[in-house]
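Participant: First the structure, then my questions, so here it is.
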Amino acid sequence: MTRWSSFVVARPKLVLAATVLLVLLGGAWGSGVFDRLSLGGYTDPGSESARVEHLIEEAFGRQTPDLAVTYHARPGSTIDDLGPEVAGHLARIDPGVLAGTPLSYWSAPPQAKEFLRSTDGTEGLVVLSLSGDENTRISAYHDLRPLLVIDGTDAEFSGFSAAANAYNEVSESDLLRAEAVSFPILLLLLLVIFGGLVGAAVPLCVGGLAILGALGALRMISYFTEVSAFSVNIASLVGLGMSVDYGLFVVTRFREELRSGAATDDAVRRTLATAGRTVGFSALLLVCGFVGMLVFPQAIVRSFAYGGMAAIAIAAVLTLSALPAALALLGPRINSLTWRRGVVERGEDRAHRFWGGVAERVMRRPVPIATAIVAGLLVLAAPLAGASLGDLDHTGLPAGHPLRVAVDDLAADFPLANNGATLVLQGSDGKAPPPAATAQFFAATAAVDGVQRVVPVGATGTFVAIRAVFDDADRTAGAMATAAALRDLPTPAGTEKMLGGLNALTADGLDAMGARLPWMIGIMVAVTFVLMLLAFRSVVLPLKAIAMATLSLAASFGVLTWIFEDGHGAEFLGVTPGPLPATMVVLIIAVVFGLSTDYEIFLMSRMVEAHDAGASTEEAVRIGTAHTGRIVTAAAALLIVVTGAFTLSELTMMRFIGLGMIVALIIDATVIRMMLVPALVKLMGEANWWAPGFLARKAPSSQASEGPKPSPQQEIPAQP
């Protein structure tokens, strides 16, 4: 870092111009990523249900419907009167888009008509299976919809293709709304924190550049693997949030150096040597948290990791290059356009005294305070015991959304049109089972509770396929229970079965998430422990950091379960109670765990620095808390603005993220970091700093600090 800081100070214009130019060029090139993003990626491609889909498609053509259109009879006429018009509109579709002949009420054989006619006889259904991969089938929706609209007739569109498009369109508009709301609030909050326009604007500019750079990185990644459209949302959220946070640490430290009398060049060097190290270490921890998400098979979850890692890495690079170069050029002008001279400095001094006083009061009664806080957090975490994971479905859209209405109407008016389950029966010898075994399995399937009827799909020389129609609508609790019962159904001797269909795909996806989640957590914990062990030369501090992050996550998810699954306040938020969305749970775990250890590093680095300088444990706690309290809480407030804007979204999953981050940040940055951690450090005393001898000799000393090196006795006046 020393050589780099010297280079930045010597050639600030070159560093700033080169960095900004590269990011702008990368962003311009990265704008083409939107044409390469996947609109799907929700399923586990290696699951049993995915194999069934592949077998059925190879043998009989694609059977799973991608688009369903419900036509309503015109007033004064019957549904049969629409037949010629429906046929004419279907004829306009390019046959290459379809995986087979559309299944229509008006052209279906008599035995299939009951599946495609509503219970009251006033609606008819057209079902289309589309050709191509998942992304192609989703993209085809925009071209198909206008071809299927009939003048004077109400038509409702549902199915996977319509649902994926609905989610993508709403999320895009919500992202624009969130950015439009968060940017001015961020600027206002930064103005309050820095007391001047220049200091406030610099971190925001870095945030905008980080988003542009992340687009370029995502486009590069898209050439090697599938990248979901939601990766852009994550990159924008994380890029802006972390850039502003990192900018806060660096600019604050730079201004402190100037206040201490350092020349501009020296201030930049010291800033990079301390706050710069903190930013680099923080970014490494956060990236490692997102790396854990790569263990999941769903492309959408891995895309969260791509977006997060790209945004964090670029935000850190910009914070360590363009930002110090800009500070070197600005020098004392970083305080320009300040409305009142000295007001910020006085505010910082008051904040130091306040948080130092908090630490002292906590250390006077560490046992009752720590006990009360832990007990309170465990109470908040209690609802988590009854939590369950679910998948994204139409109920995540706002009430009244056309897609949600269409899906609900389809389930109510066409009870026989659900996807149910597809079962493939094979002989153990790899050949099709004998007729007797097939008949036995057919009867056993029909006898399962929740199965309304069983219909044949087809047979080949290697397997027989049948379809089970469920009593309950797809992906409801009843349908999922029926699918589970079919999975457990014994097969005739000498045969094997596989379960497919929408409900099985959903169950397999959730099973994969549950199975891989411990691996993700294990990766995050192991990496965090090793990195903090090397940074702080302590065994106890990394273990405490992991415990604090776990407690923060448990309390946060307890609150989310109480609201989103148990339904308390759900009506006020405009969400439908249900299982926690598994993909969003994984995302919040990665982000909150990373931020929690991030804030721990900011706090503990000051404590370790003070202790290494000769301060006692109590003095180190007071100094560390006093000098990081304002920065950590301000950083959390800035992130709350960025993530909190997602609570304005119409999508339940985005509100889940927004509220989850708000709760987690409030709990972690205040109650845990500023009160519980000081109490625990006080209780553990000198044990905090213990490490094996070989580690103490070989590990690098902690240099990660966002503030000036303290004098143990004189840094912060003791509170009376």
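Each residue's number is its place along the chain shown, starting with 1.
Using N, Cα and C of the backbone, Cβ positions are placed for all residues, glycine too.
All TrEMBL annotations are machine predictions without curation.
Features from TrEMBL:
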- 209-329: domain 'SSD' (DOMAIN)
- 699-720: region 'Disordered' (REGION)
- 180-198: transmembrane segment (TRANSMEM)
- 230-251: transmembrane segment (TRANSMEM)
- 279-300: transmembrane segment (TRANSMEM)
- 306-331: transmembrane segment (TRANSMEM)
- 369-389: transmembrane segment (TRANSMEM)
- 517-536: transmembrane segment (TRANSMEM)
- 543-564: transmembrane segment (TRANSMEM)
- 584-602: transmembrane segment (TRANSMEM)
- 631-648: transmembrane segment (TRANSMEM)
- 654-676: transmembrane segment (TRANSMEM)
Participant: What residues elsewhere in the chain lie close to the transmembrane segment (306-331), defined as a C-beta under 8 angstroms and at least 6 residues from its ends?
Facilitator: 4-5, 8-9, 12-13, 15-16, 19-20, 23, 198, 202-203, 206-207, 209-211, 213-214, 217-218, 221, 225, 227, 230-239, 242-243, 246-247, 250-251, 254, 258, 264-265, 267-268, 271-272, 276, 279-280, 282-283, 286-287, 290-291, 293, 590-591
Participant: Which stretch from 180-198, 230-251, 279-300, 369-389, 584-602 shares the most C-beta pairs under 8 Å with the transmembrane segment (654-676)?
Facilitator: 584-602
Participant: Is it the case that the transmembrane segment (279-300) and the transmembrane segment (543-564) touch, counting contact as three or more CB pairs under 8 Å in which the residues of each pair are 6 or more positions apart?
Facilitator: no
Participant: Do the transmembrane segment (517-536) and the transmembrane segment (369-389) share at least 3 Cβ pairs closer than 8 Å, excluding pairs fewer than 6 residues apart in sequence?
Facilitator: no
Participant: As a test: from 230-251, 369-389, 584-602, 631-648, pick the stretch that has the greatest number of Cβ pairs under 8 Å with the transmembrane segment (543-564).
Facilitator: 369-389
Participant: Applying the under-8 angstroms CB criterion, which one of 180-198, 230-251, 584-602 scores highest with the transmembrane segment (631-648)?
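Facilitator: Between the candidates 180-198, 230-251, 584-602, the best contact partner of the transmembrane segment (631-648) is 230-251.
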Participant: Excluding the flanking five residues on each side, which residues at least 6 beyond the ends of the transmembrane segment (230-251) place their CB within less than 8 Å of a CB in that stretch?
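Facilitator: For the transmembrane segment (230-251), the far contacts come to 33-34, 37, 171, 175, 178-179, 182, 186, 190, 193-194, 199, 202-204, 206-211, 213-215, 218, 271, 275-276, 278-279, 282-283, 286, 300, 303-304, 306-308, 310-312, 314-316, 318-319, 323-324, 327, 334, 587, 591, 602, 631, 634-635, 638-639, 642-643, 646, 706.
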Participant: Mind checking how the domain 'SSD' (209-329) divides into helix, strand and coil residues in DSSP?
Facilitator: 106 helix, 1 strand, 14 coil
